[in-house]
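So the structure is just underneath, and the comments pick up after that.
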Amino acid sequence: MAFLSACTSWRHVHNAGFTFITKFPFVRNVHKLSYHISPLSSRFSLADISVKENNHPNGPQLRLQTHFFHSSSPMHATKGFRFPKSSTPLTLPAVLSVASFANLLQIPTRRILRDLNRLGIKDVFPEYLITYEYSSLLAEEYGFDVQEAAAYSAPSPKSLNSKKDSGPLRPPVVTLMGHVDHGKTTLLDAFRKSTIASTEHGGITQKIGAFTVPFDKGSKFITFLDTPGHMAFEAMRKRGANIADIVVLVVAGDDGVKPQTVEAIKHIQSADVPVVVALTKSDRPGTPIHKIYEQLLNNGIQVEALGGETQIIPISAKTGKGIPELEAAILTLAEIMEIRASPRDPFQGWIVESSVTKGVGSSATVVVKRGTVKKGMYLVAGKSWCKVRSLVDVNKKSIKQVLPGQAAQVYGWKDLPIAGDLAYEVKSESEAKRILSDIYRQSNEQNFYELAESQNEQRVSALAAKKSGPAAIQEETSVSKSFNIIAKCEDTGSMEALSDYLKPLQFGKVKSRVLYTGVGPVTETDIERAETSDAIIISFGVSVPKATFRLAEKHNVKLLFHNVIYHLMDDVRKLFALRLPPILVQRVTGEAIISAIFDIKAKRAVVHVAGCRVTNGTIEKSHKIRLVRNDKIIWSGEIDSLKHLKEEVTSIKKGRECGILLKNFDEIVTGDKLQTFVEEYKPPDF
C-alpha cells in the first residue's frame, strides 16, 4: 500500500519482501499521477490502484493506495489457479494453522507456505500456527474482504477511580502497608481492640484482611485493609494501594526503611494516593527518628518536619500512645479529600479476597466504592458472576446490604473470582453470561497468540533435532527437565503469591512448571494428576488429613503442607535442588603443610619426600591428593607412600608428623600445602 500526502514521501512495502521509497511532487489531480507511476509499472505488476481525496486544513490531499508486485513473480499470479471470489466478508480466528487457513480459503497449502516465506516467515509447514496479523494480510492480498469481530470491553480498574462521585461522604478505605513484622497487624489490633496478630501463622500476615471500624462513638467509620509485608506478597500490596483512598505506611522506629517499605512507597506513588506515616515502636529508647525522616525523603516522601506535606505520627500500638492522633489524621485527611459516593448508583467495588468454604461454597470479600450491594443482585467480577445469596459482615453476622466504603463477605459466586478483580452490577443473569462470554473470547485470543508462539518454537526445534539425528533428539530431551508443581491454597490471594514465587524458579535448563493451582483441599484427583506428571503437591494454608497423606505416599507423590510462606519456600527450594543434575565436588578430608624436604634414593633415581605436619582432618593414603601453592592447585594425583617415622601407615591424624611420597610428582617446595580429598556428587547450591 502507498499513501500520497503533502510531505511528498511515498513508502511502499512490497508484500513479497521488497521495500522501496520513492519521492513524488505534490499533485492536486489524478491525471498528473500517471506521469510518476508509469516508470514503476514497467518494473512491477500493478495489481490495483485507488485514489481518494481527503479534506485537510491546507487544502485537499490525495490518498493513493496501490498494490505492486514483482513482475517476474507476482503474488497474485499462480499458473493454472484462480483465487475464489466471495461476496460475504471473511471472519478469521485469532490463530489457525496454515493447513486450516488454506482449507478455509480453498487455496493450495503450498501456495500459502511460499507466500509466508516471501513475507519473511521461515521454516513454515502445514501445522505452523499463524496469527490474525498474517492471515488477514494474505487473505486481503488474495482478494478477500476480511473483518475482525468487535470484542466487548469490560469496565477497567481505571474507570472505577476516574469517575467523579457525588452524593454523601462515605467511609475512607485505608490500606496499611510496610515491611514484614513492622507492626501493621498489631496496629489494626489497637483499632479493632482485637488480637489478630497473636493468631496468625508465623506471626506474619499472609492475605489481605478487610473490615470496617467505628470511631467517634459510631458517628464515623474507616474501612481498613491489612496487607502482607513478606516479599512473596508483592501483588497483594500493589492491589492494596490501588484499592485505597488513603495509605498508612507503617515504619518500625528500631528498623527504619526496609526493602518492602521501599516497594510499598513505589506502589503508593504509582497509585497516586495520599499517605500518612505511622512510626511504630517509637517508645523504645534511642529511636533514630531524624534518620528515618531522611530515609523517607530519599524515597520520595517528604514529612512535615522537613517542610513536606506528609504527616508522620509516632505511635505505640501496645500502649496506645499516638493512636488517637493517627485516627484523627486519617479522618481529617478524608474530610479534606471529600470522598463521596451515592448509594443509589450502580454498584462498583473491588474483590479483596476470595475462598471456598466446605458446605457453603465460593465467597468473596468485597469493598464497595459506589452503589450498594443487596441480596438478589447480579454481579460480575473478572471471569465469574454471582447472584448474591447472602451478605456477612466482619463479625460473621448476616446483613441485608453493604453501603459505599464498607466491606463484607458476598456469597453466591458461580466460580471463584480473583482477588483484585473489579466487581460491578449487571441487570440480569443473561447479561452476566454474555459479558463473561466476551471476556473469555478476549482471554482466549491472547492465550492463542502465546500458544502459537510456543508451539511453533517447539515444532521448529523438533524438526531441526529430527534432521540432526538421534543424538540431537537425545540431547534435547535430556536438558528439557522441569520441576512440576500442583498448588492448592486457602484463598486466591495466597494462590497468586505462591504462583508468583514458584514460576520463576530456574537453575540452568531446569525450571519450575506450575501445572495447576486451585483453592481448597488436596483431592484424590490432584494426587492422580501429580503421579501422572511427576509433580509435587503443595498445600498452603489448607490442612491435609492423614488419609490424604497416606494416599499420596501410596502413589509415591511428595506432598508439602505449610501455613507459613517462608517455611514453604525453604522446602520447595530443597526439593527443587534434588531435581537438578548433581554436580561433582571435591570434599577435603585432610590438610598438611610441607615443612621439610628429604632426598631418598630409590631404585633408579633420587626422589623427594615431603616432611609434613597435619594441620586439619586426617590424611588418608587411599584418598586422592592435591598440591596447593599460593592458593592455586599445582598438581593432583595419588599418594605413593605414607610413613610415620619409618612405619608405613594408612592414615595420619591432625597434629602428627609424617612423610609423604607423591606418585609420579616431586616438584615440591617448603611451604606447599597438601590436601587429601574425595570426589562425590551432590545437588547444586540453589
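Glycine is treated like the rest: Cβ placed from N, Cα and C.
Around SER282 (GTP binding site), the C-beta neighbours below 8 angstroms that are at least 6 residues distant in the chain are GLY253, ILE289, PRO314, ILE315, SER316, LYS321, GLY322. The annotation GTP binding site is assigned in Swiss-Prot to 178-185, 226-230, 280-283 on the grounds of similarity to another entry.
Summarising model confidence by region, the domain 'tr-type G' (169-344) averages a pLDDT of 77. Annotated domain 'tr-type G' per Swiss-Prot: 169-344, in sequence order, evidence recorded as sequence analysis.
Annotation comment: Swiss-Prot describes 178-185 as region 'G1'.
The region 'G2' annotation in Swiss-Prot covers 203-207.
Under the heading region 'G3', Swiss-Prot lists 226-229, citing sequence analysis as support.
The region 'G4' annotation in Swiss-Prot covers 280-283.
LYS184 (GTP binding site) falls within a helix when secondary structure is assigned with DSSP. LYS184 (GTP binding site) is surrounded by 29 other CB atoms, counting those within 10 A of its CB over all protein chains shown. With helix defined as DSSP H, G or I and strand as E or B, the region 'G4' (280-283) counts 0 helix, 1 strand, 3 coil.
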